[in-house]
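Engineer: Right, I'll just put the structure down here and ask away after.
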Ligand code: PAF
């Protein structure tokens, strides 16, 4: 049986994971960590495949982190599908699934030390979901301390998360490389998300508004910021069952909104509520006379 055919071993304790990885490191293996909350889809599997290219041992963590859910959010109904998740990883060369309980991760309860995401963490997703990014950074820093990977992988779909994780790793001198993998989309452009499984048929169709909005924003990029925002928002005009939360264009270096006369690379972030489900998406555009861009990972 080759390494790729081995079914991933599930480890539920921090001590167990550390012991297993220490043994593999003594044999000279490098380690990649793919942090997830489970409900795995092809976007996660793309992270895993890239991880396998980058390291000898791939660890996938599956942990629905209560710290990053606010009151009234979907913590209780968030899909927990551990058996199916482990099965979906077979054949991909994942050696370990780390699936701790809440008590294992937070033995003293959830009110202790937090990593704070600062001002950028209070914008966009952070404005709609107060405390979300502090909770996310706290669990990511715990996972990085537990697994001490050579590389950790994140999906570009969560662009603000990626910015904040990269900044945390740089500013706190965490000795792990961060690898970002392009958003995986359905053939019609819908970005894959664990929350897509909440959508019924009509909502699934309405959810396409997010990627349509990004496509419209990209098409207007050569005309500047005002046009990008107008065209991006106009895509939401026809859909009663989709409510735009925010559409903003940010500088990828600071993640702050760009100025009216900005030129060059920028990231369009969009979030909307489709029925009871909140979805996000993003695309990189080039503002000014050189757009539209049509890059990899962009909505079709
Ligand atoms: O992107 C996610 O699934 C989560 O925010 C993460 C990074 C696994 C932390 O809980």
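The backbone N, Cα and C atoms fix where each Cβ goes, and this holds for glycine too.
What TrEMBL shows for this protein is this:
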- 44: active site, proton donor (ACT_SITE)
- 37-44, 155-158, 184, 192-195: ATP binding site (BINDING)
- 68: beta-alanine binding site (BINDING)
- 68, 161: (R)-pantoate binding site (BINDING)
Engineer: Would you mind checking how many other C-beta atoms are within 10 angstroms of the C-beta on residue 37 (ATP binding site)?
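Structural biologist: Here the count is 18.
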Engineer: Listed recorded positions are 37, 40, 43, 44, 184; which sit with C-beta under 6 angstroms of ligand 1?
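Structural biologist: Result: 37.
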Engineer: Neighbour count, 10 Å Cβ-Cβ cut-off, for residue 43 (ATP binding site): what number do you get?
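Structural biologist: 21, counting other Cβ atoms within 10 Å of residue 43 (ATP binding site).
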Engineer: At the level of the C-alpha atoms, what whole-angstrom distance separates residue 40 (ATP binding site) and residue 68 (beta-alanine binding site)?
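Structural biologist: Rounded to a whole number, the Cα-Cα distance is 18 Å.
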Engineer: Which of the listed binding-site residues (40, 184) has the least company, meaning the fewest other Cβ atoms within 10 Å of its Cβ?
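Structural biologist: Among the binding-site residues 40, 184, the lowest count of other Cβ atoms within 10 Å belongs to 184.
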Engineer: Reported as an integer number of Å, what is the Cα distance between residue 156 (ATP binding site) and the residue listed as 'beta-alanine binding site'?
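Structural biologist: Rounded to the nearest whole number, the Cα-Cα distance is 18 Å.
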Engineer: Which chain-mates of the residue listed as 'beta-alanine binding site' that are at least 6 residues away have a CB under 8 A from its CB, listed by sequence?
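Structural biologist: Once residues fewer than 6 apart are set aside, the residue listed as 'beta-alanine binding site' is near 131, 132, 133, 135, 136, 139.
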Engineer: As a test of the contact definition, list every same-chain residue at least 6 positions from residue 44 (active site, proton donor) whose Cβ is closer than 8 Å to its Cβ.
Structural biologist: 34, 36, 60, 155
Engineer: For residue 194 (ATP binding site), which residues of its chain lie six or more apart in sequence with Cβ-Cβ distance below 8 Å?
Structural biologist: 37, 38, 39, 40, 41, 78, 79
Engineer: When a 10 Å sphere is centred on the Cβ of residue 161 ((R)-pantoate binding site), how many other Cβ atoms does it contain?
Structural biologist: 22
Engineer: Do you know offhand how many angstrom separate residue 43 (ATP binding site) and residue 161 ((R)-pantoate binding site) by C-alpha?
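Structural biologist: Here the two Cα atoms lie 15 Å apart.
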